[in-house]
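For reference, the structure discussed in these notes is given below.
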Amino acid sequence: MSQTVYPFGGNAKSDDPRAKDKTIVGGKGANLAEMAEIGLPVPPGFTITTEECLDYLEHGADPSTELRAGFAEKLRHDVTSALGHIEATVGKRLGDKDDPLLVSVRSGAAISMPGMMDTVLNLGLNDETVEGLAQVSGDERFAWDSYRRFIQMYSDVVLGIDHGLFEEALEIAKEDKDLYADTEMSAEEWKELVAEYKQIAADERGGEPFPQDVTEQLWGAIRAVFDSWDSERAKIYRRLNDIPHDMGTAVNVQAMVFGNMGDTSATGVAFTRDPATGEKSYYGEFLINAQGEDVVAGIRTPQYLTKAAREAAGADKPSMEEAMPEAYAELARVFDLLEQHYRDMQDIEFTVERGHLWMLQTRTGKRTAKAALKLAVDMADEGLIDEKTAILRVDPMALDQLLHPTLDPDAPRDVLTTGLPASPGAAAGKIVLDADTAEQWAGRGESVILVRVETSPEDIHGMHAATGILTARGGMTSHAAVVARGMGRPCVSGASAVVIDRAKRLLKIGSRDLKEGDLITLDGAKGQVMAGEVATIEPELAGDFGTLMEWADKHRRMRVRTNAETPNDCRMARQFGAEGIGLCRTEHMFFDAGRISAVREMILADDENGRRAALDKLLPEQRKDFHEIFEVMKGLSCTIRLLDPPLHEFLPHGDAEFEDLAATTGHSVEHLKRRAGELHEFNPMLGHRGCRLGITYPEIYEMQARAIFEAACDVKAASGEAPLPEVMIPLVVTRRELEILRALVERVAGDVFGEKGTVVDYLVGTMIELPRAALMAGEIAEEARFFSFGTNDLTQTTLGVSRDDASRFLGPYVDRGIFARDPFVSLDIDGVGQLVTMAAERGRATRGDIKLGICGEHGGDPASIRFCEETGLDYVSASPYRVPIARLAAAQASLGK
Ligand code: PEP
Ligand code: MG
């Protein structure tokens with residue numbers, strides 16, 4: 001039978017690989033065990049496995065019996081003996097009224113979810129043990145302060161009592177005594193407050209007193225941590241971060257060490273390198289005479305770790321390096337050991353108890369995209385990791401943050417105030433004062449900046465909806481800062497000049513008055529808050545980004561193309577490293593203001609002659625489009641898709657547009673409206689579109705083919721270098737459709753080459769975007785030189801889910817685990833993937849050198865790209881901004897990630 005509990009610290013040693021397996025003991029538990037083993041100072045403790053959490057959540061506790069009811073007998077036994085390990089190591093006993101052991105109880109899942117789940121500190125205090133603690137510590141004030149913290153935390157986390165009630169009581173107590181800071185409260189005053197806190201707890205529990213039995217306290221806390229896995233905010237966090245719901249959390253029970261034992265004690269959080277920029281400098285904050293939650297809660301503004309950081313910030317309170325040189329030196333030594341051991345940047349929590357350093361946690365540090373790049377490249381240069389590891393270190397999706405514009409350094413800035421540069425990047429948007437409003441306004445397409453005194457896990461949906469986050473309180477490791485960096489949202493924290501009036505929905509920044517809805521801009525790298533919207537500039541693609549991309553290109557097999565239809569997008573995609581066009585949707589060119597009336601004239605024409613007259617007007621326009629695109633893409637493959645959408649999409653809307661069209665065509669409005677009515681379809685997505693248009697109105701495809709070949713010949717004549725046009729026929733389901741249309745394209749190509757006296761290489765192929773096309777791929781390949789998987793329509797038609805209407809139910813479907821992810825974002829590999837695999841195999845069986853690619857949105861999604869690699873596709877195609885993401889994801893796929 002597997003162990004349910006793993007001890008660490010002291011003389012605990014385990015050869016059981018489960019003791020350091022994150023899926024079993026969680027990230028925190030595994031790292032505590034590892035740190036203890038490499039000789040770092042870790043207070044002893046034990047970890048209850050995630051399996052026990054899942055078991056508990058499945059079977060639950062019977063509320064009608066005592067708290068322990070939900071726990072298996074074996075677990076109760078194992079916890080008791082592991083507690084013995086802590087007691088033996090520290091030489092104190094839980095509940096001992098003379099010299100009590102106190103423990104912390106914390107969650108720790110396999111994948112870290114900062115701030116999402118629950119923690120209880122100082123457990124083991126009651127009316128008796130608090131006296132013992134006062135005696136042995138020689139610090140009565142500390143003992144009673146610890147007890148009131150414990151009551152508040154335990155009541156909140158375990159008993160579900162609103163922590164606001166306790167905060168209010170504390171505020172009133174301070175006001176009564178004319179005190180400003182918690183640190184000014186005396187032992188007596190804390191003692192009085194403890195009595196009040198116990199009364200609050202009892203009142204809220206219908207008269208039942210705050211639990212005094214320390215064993216009951218322990219099991220209550222364990223149960224609360226287990227339950228927190230299923231809390232609403234944890235579920236939302238998992239959904240936003242693609243973390244599975246069936247992993248459970250481990251529970252870490254650890255001997256307490258105290259950062260609040262006077263001025264030689266402290267607590268802090270730190271990173272071994274700067275998580276915002278990736279610079280190689282120790283980074284963090286600490287508070288003297290405080291407990292862990294004080295740093296992250298943003299209640300007191302913490303001090304810097306290093307002298308250099310303090311000076312750079314112009315702060316006057318001493319840094320840890322200055323205030324506690326010995327503990328700081330020890331911390332620096334630990335930092336270096338940790339980086340050597342884990343070969344990655346670490347995010348740690350530590351406590352100094354009366355001058356002695358203790359490590360409470362280490363984990364791989366969350367980082368901005370910019371830092372991720374710099375860390376990967378620097379660590380490879382330092383020899384800490386190799387080039388392949390560097391490639392695998394960077395999350396391709398995180399690159400998105402780097403590819404977007406930043407604030408123009410030369411643009412005028414009306415700076416309202418400056419806070420801490422908590423998460424880099426630029427964001428402009430309307431001020432909103434709460435998370436729900438942020439979500440609502442963002443839902444109607446507005447950019448919003450969430451402005452809060454400080455954020456808490458309840459704000460997570462609003463932070464996600466916002467383009468930027470501004471807080472009045474909190475440091476660089478506050479909740480807002482950590483979460484914003486993880487999400488890639490620019491954030492300015494601790495901007496103390498910001499005063500919020502929630503009731504009036506107003507904001508005061510210094511002497512300036514603003515209201516909800518006013519525009520502001522944040523510069524997350526500088527910590528600046530500006531009025532209005534500040535101009536932006538394009539991103540820098542050289543430096544670390546360029547280096548990592550170069551490495552990625554060396555290690556990838558698949559080509560990366562772009563979906564683009566304007567010369568500008570093509571140029572941008574080329575800068576981002578696109579190696580051709582995977583999809584040029586020609587219909588987008590039809591919407592151009594200068595030509596939409598010719599398009600409408602063509603659609604509403606009564607007969608072929610009428611259509612041809614209109615198409616003659618469009619030919620030079622299309623030729624010009626292709627000419628410009630081919631110039632940018634000289635020498636590269638360009639897949640041009642002939643007209644695809646149903647024609648009614650181009651029809652006039654409203655009387656004014658009909659009147660305009662009547663004036664240009666000479667037809668009456670009534671006539672045009674009648675023709676438009678005739679084009680109505682009940683289900684246009686499955687109607688007269690794609691190659692069906694080419695079969696019924698061949699003159700449309702003829703015009704497009706002519707424009708393509710004329711432009712290709714012209715570019716070749718002008719520059720000596722031709723593109724490789726790949727003419728793509730959409731929505732094919734039979735070999736015969738493609739046979740007819742291929743003949744049409746070849747005839748036009750022959751005509752144009754004859755007229756121009758030159759030839760260019762080209763291919764004719766098709767999209768595979770309907771299930772029948774995938775099934776018949778072997779036959780269709782007889783006519784096709786290439787297949788491009790149109791996985792947008794292939795998903796729509798395989799699932800029978802309309803891509804335009806799915807948003808109403810896809811959210812709940814993903815929440816309930818019916819779909820692991822939105823199938824229009826990440827390919828449904830189990831279902832749609834089978835069709836792709838089959839079509840690729842059947843296509844290759846017919847034509848060994850058939851070119852295979854993907855041009856649906858999935859071509860820019862890392863998980864789908866991995867599937868494309870496994871399927872042996874030749875290339876993926878993504879929108880311009882996704883091209884670097886695809887390059888990196890393709891390299892990671894090649895490296896077998
Ligand atoms: C597709 O269906 O996957 C595709 C790329 O075409 P569109 O999105 O234009 O329908
Ligand atoms: Mg399509």
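Any Cβ shown, glycine's included, is placed from N, Cα and C.
Automatic prediction, not curation, is the source of TrEMBL annotations.
It is 1-20, from the ranges 1-20, 261-280, 841-860, that TrEMBL records as region 'Disordered'. Checking the candidates Glu608, Glu621, Glu769 against TrEMBL: the one annotated together with Arg585, Arg641, Gly790, Thr791, Asn792, Asp793 at the substrate site is Glu769. In this record, substrate is bound by Arg585, Arg641, Glu769, Gly790, Thr791, Asn792, Asp793; the longest C-alpha to C-alpha distance in that set is 15 Å. In the vicinity of ligand 1, defined as a Cβ distance under 6 Å, the following of the recorded positions Arg641, Glu769, Gly790, Thr791, Asp793, Cys855 are placed: Glu769, Gly790, Thr791, Asp793, Cys855.
The 6 Å Cβ screen around ligand 2 retains Glu769, Gly790, Asn792, Asp793 from the binding-site residues Glu769, Gly790, Thr791, Asn792, Asp793, ordered by sequence position. Under 8 Å, Cβ to Cβ, and six or more positions away along its own chain, Arg585 (substrate binding site) finds Asn563, Glu565, Arg641, Asp644. You'll find the Cα of Glu769 (substrate binding site) roughly 10 Å from the Cα of Cys855 (active site, proton donor).
Each residue contributes its Cα atom, and for Asn792 (substrate binding site) and Cys855 (active site, proton donor) those atoms are 9 Å apart.
With DSSP states grouped into helix (H, G, I), strand (E, B) and coil, the region 'Disordered' (1-20) comes out at 4 helix, 4 strand, 12 coil. Within 8 A of the CB centroid of the substrate site residues Arg585, Arg641, Glu769, Gly790, Thr791, Asn792, Asp793, the other residues of that chain are Leu583, Asp644, Pro730, Met767, Ser788, Phe789, Leu794, Cys855, Gly856.
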